[in-house]
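S.K.: As annotated by TrEMBL, (6S)-5,6,7,8-tetrahydrofolate binding site applies to LEU116, GLY120, HIS121, LEU122. Taken from TrEMBL, the feature domain 'Serine hydroxymethyltransferase-like' covers 2-389. Marked as N6-(pyridoxal phosphate)lysine by TrEMBL: LYS232. According to TrEMBL, the region 'Disordered' annotation covers 353-374. Positions annotated as site 'Plays an important role in substrate specificity' by TrEMBL: HIS231.
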Amino acid sequence: MKDTQIKKLIEAEKKRQKRVINLIASENYVSKDVLEALGSELTNKYAEGYSGKRYYGGQTFVDKIEDLCKERALKLFGLNSKKWAVNVQPLSGSPANLAVYLALVPKEGKIMGMSLDHGGHLTHGHKVSATGKFWIQVPYGVNKNTEQIDYEEIKKIAIAEKPDIIVAGYTAYPRKVDFKKFREIVDSIKHTDPNKKTYLMVDMSHFAGLVAGKALPSPFDYADVVTTTVHKTLRGPRSAMIFSKIDSREINKKIDKAVFPGLQGGPHINQIAAVAVALKEADTAVFKKYAKQIIKNADTLAKELKKLGWKIISGGTDTHLILMDTWMEGKGISGKEASDVLEKNGIIVNKNTIPNETRSPMDPSGIRLGTAAETTRGKKEKDFVLIARKIDKILRSH
Ligand code: DSN
């Protein structure tokens, strides 16, 4: 690279990534092949439209790449191409979710999603996001005592509010989600207009790799739409996909239109090629083992931290993710202080709100930890026992 300023900064970031213990729950390390696809000449190509229906010439190879990516996406999640469609053009998770609402939720319609401080995402209807400005959020949370999803409570809210869409799947919720129960809730909503139905959307961004690796239940038997990013547990490039059921409601056609021309222009073909590479890598026995190891490692980390006296939200984890209450009603340290002092000592986490947060989002009561990135680097349970002890020592000596 001739640009020495940028080259030096990339080299420095590469070294930083190697030096630290990375417990950011939404990050991972991609393969050299994924990087190669991302850094290829495909970035030079404009390809507005979809395979076979583009607005520019020269699409012979681009069409093949996008078709292959879609084929691999459906295969990885065991989906029949007559029953499910996939759009691989969303640039990342937020535009993917926005595209779904644009396609399926009427203006000022209702999005029922988990509140941000309980583990939901900004794009699940939060007021600071476009999804909360153009639509109305009907929030739900976790149970005060169990800190886990309370399906009966969700059912009550859903029946009373009759939302246009319910979103399941979260960004800081460590437990397995019962998608069947969500389907039952959606089916129990009676709209005044008998032709109207609530859609069930699952945002599996955080745990897509765990579903692909058959380490967590799949949402596809119950959802109408499934969105996901590719760069978290799925270990691909920054990107996203939208899966939709093919039926008389033509959800898939509406979503394609919402992605392009509704929200985006030309898709990033280098990114789509890199997604295709990652999807092939995930469709292997080695990846299945990896997915299971991520959960074993998270479980070990949660149990060890608990043993050392820390409060783990919901009492543990079923996934790659742990939400740790570091503040413990003033007996511990704030989430920001915890994150800062851990970083000084080479451990990277993010500060995070906890359910029924009493502090501010900039200095909340907790931190979020994830095991996917360090599992990619080969760490096992015994390593996570040591990481837990290191975290404990750093936080207590602060
Ligand atoms: N920023 C992602 C996360 O950390 O969970 C979600 O957008």
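Placement of Cβ uses the backbone N, Cα and C atoms for every residue, glycine included.
The structure displayed is predicted, hence computed values, not measured ones.
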S.K.: Give the sequence-ordered set of same-chain residues, not counting LEU116, GLY120, HIS121, LEU122, with Cβ within 8 Å of the centre of the Cβ atoms defining the (6S)-5,6,7,8-tetrahydrofolate site.
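M.R.: Filtered neighbour residues, in order: GLY113, MET114, SER115, GLY119, THR123, HIS124, GLY125, HIS126, SER129, TYR170, THR171.
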S.K.: Which ones in the same chain are close to LEU116 ((6S)-5,6,7,8-tetrahydrofolate binding site), with CB under 8 Å and 6+ residues apart in sequence?
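M.R.: The list for LEU116 ((6S)-5,6,7,8-tetrahydrofolate binding site) reads LEU122, HIS124, HIS126, THR353, PRO361, given in order along the sequence.
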S.K.: Write out the long-range same-chain contacts of the residue listed as 'N6-(pyridoxal phosphate)lysine', meaning residues 6 or more apart in sequence whose Cβ is under 8 Å from its Cβ.
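M.R.: Counting only residues 6 or more apart in sequence, the Cβ neighbours of the residue listed as 'N6-(pyridoxal phosphate)lysine' under 8 Å are ALA25, SER26, GLU27, ASN28, SER205, HIS206, PHE207, ALA208, GLY209, ALA372.
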S.K.: Which chain-mates of GLY120 ((6S)-5,6,7,8-tetrahydrofolate binding site) that are at least 6 residues away have a CB under 8 A from its CB, listed by sequence?
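M.R.: Sequence-distant Cβ neighbours: GLY113, MET114, HIS126, PRO139, VAL167, TYR170, THR171, TYR173.
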S.K.: Where does the mean pLDDT land for the domain 'Serine hydroxymethyltransferase-like' (2-389)?
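M.R.: Here the mean pLDDT over the domain 'Serine hydroxymethyltransferase-like' (2-389) amounts to 97.
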